Amino acid sequence: MSPAPVQVMGVLNVTDDSFSDGGCYLDLDDAVKHGLAMAAAGAGIVDVGGESSRPGATRVDPAVETSRVIPVVKELAAQGITVSIDTMRADVARAALQNGAQMVNDVSGGRADPAMGPLLAEADVPWVLMHWRAVSADTPHVPVRYGNVVAEVRADLLASVADAVAAGVDPARLVLDPGLGFAKTAQHNWAILHALPELVATGIPVLVGASRKRFLGALLAGPDGVMRPTDGRDTATAVISALAALHGAWGVRVHDVRASVDAIKVVEAWMGAERIERDG
């Protein structure tokens with residue numbers, strides 16, 4: 001059976017401290033140009049964020065976050081780009097939606113701001129609920145101890161779904177993200193990826209965000225043990241995009257859009273050829 005077309009979400013960080021591209025797109029023209037380039041490369045969604053969630057990052061003032069993202073969201077939306085706003089704050093999400101954003105990507109899974117659920121129930125737009133069990137902890141990036149990471153992440157995500165539905169959100173608008181690298185070890189991340197079909201089996205769309213993350217840098221470390229730099233992790237990211245597509249993911253969130261678009265096209269052609277051979 002041929003997989004459904006996979007959404008490729010391009011990452012656009014309008015921040016000064018994101019782990020991969022912090023400081024690259026603080027200028028409005030640079031940010032818009034990059035967003036348009038990702039769309040031209042095949043991104044169906046451009047995910048605009050104004051606050052880094054990398055380990056060690058400090059939270060920014062809501063006004064700063066808003067001032068960073070709104071001009072970019074507004075300009076990209078005006079040019080016909082489907083824009084997602086990457087934020088944990090309902091006020092930022094509201095402003096972005098009012099300026100053309102069509103989706104909310106919430107790395108807290110709705111746990112950081114109780115106003116997010118009611119807002120998105122009213123707005124009726126897609127909402128990505130990411131798993132980050134330690135989001136409210138004093139040390140939110142220290143890996144959590146899990147008994148069975150796959151079962152627990154799945155249960156936590158379904159609890160977030162239940163909370164969203166209780167707030168009035170249409171369950172058909174929800175997308176799940178297992179939160180690779182968020183208070184998880186490399187072993188946790190690989191276990192979750194291996195068990196991706198278990199998340200897909202919930203019937204709720206699943207977004208995979210592995211792009212350039214630390215566990216890939218560790219996997220690709222040289223003989224000296226030095227971790228592969230972030231800009232050298234795109235091939236590995238594209239392989240994960242291909243495997244995620246093969247196993248039924250709804251979408252992938254990536255920095256290098258073209259590499260993942262190409263990888264997914266290979267999977268779709270491979271599976272399509274199998275179908276043609278069988279039907280012929």
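A Cβ is built for glycine as well, from the same backbone N, Cα and C atoms used for every other residue.
Residues annotated as Mg(2+) binding site in Swiss-Prot: Asn13.
The (7,8-dihydropterin-6-yl)methyl diphosphate binding site annotation in Swiss-Prot covers Asp21, Asp86, Asn105, Asp177, Lys213, Arg253, Val254, His255. In the three-state DSSP scheme, Asp86 ((7,8-dihydropterin-6-yl)methyl diphosphate binding site) falls into the strand class. For Asp86 ((7,8-dihydropterin-6-yl)methyl diphosphate binding site), applying a Cβ distance below 8 Å and a minimum sequence separation of six or more within one chain yields Asp47, Val48, Gly49, Gly50, Asn105, Val107.
As annotated by Swiss-Prot, domain 'Pterin-binding' applies to 1-265, with the evidence given as sequence analysis.
Minimal Cβ crowding within 10 Å, among the binding-site residues Lys213, Arg253, is found at Lys213. Across the structure, Arg253 ((7,8-dihydropterin-6-yl)methyl diphosphate binding site) and Asn13 (Mg(2+) binding site) are spaced 12 Å apart at their Cα atoms. For His255 ((7,8-dihydropterin-6-yl)methyl diphosphate binding site), the Cβ neighbour count at a 10 Å cut-off comes to 21, with all displayed protein chains included. The number of other Cβ atoms within 10 Å of the Cβ belonging to Asp177 ((7,8-dihydropterin-6-yl)methyl diphosphate binding site), over all protein chains shown, comes to 25. Neighbours of Asn13 (Mg(2+) binding site), defined as other CB atoms within 10 A of its CB across all chains, total 28. For the pair Asp177 ((7,8-dihydropterin-6-yl)methyl diphosphate binding site) and Asn13 (Mg(2+) binding site), the Cα-Cα distance reads 18 Å.
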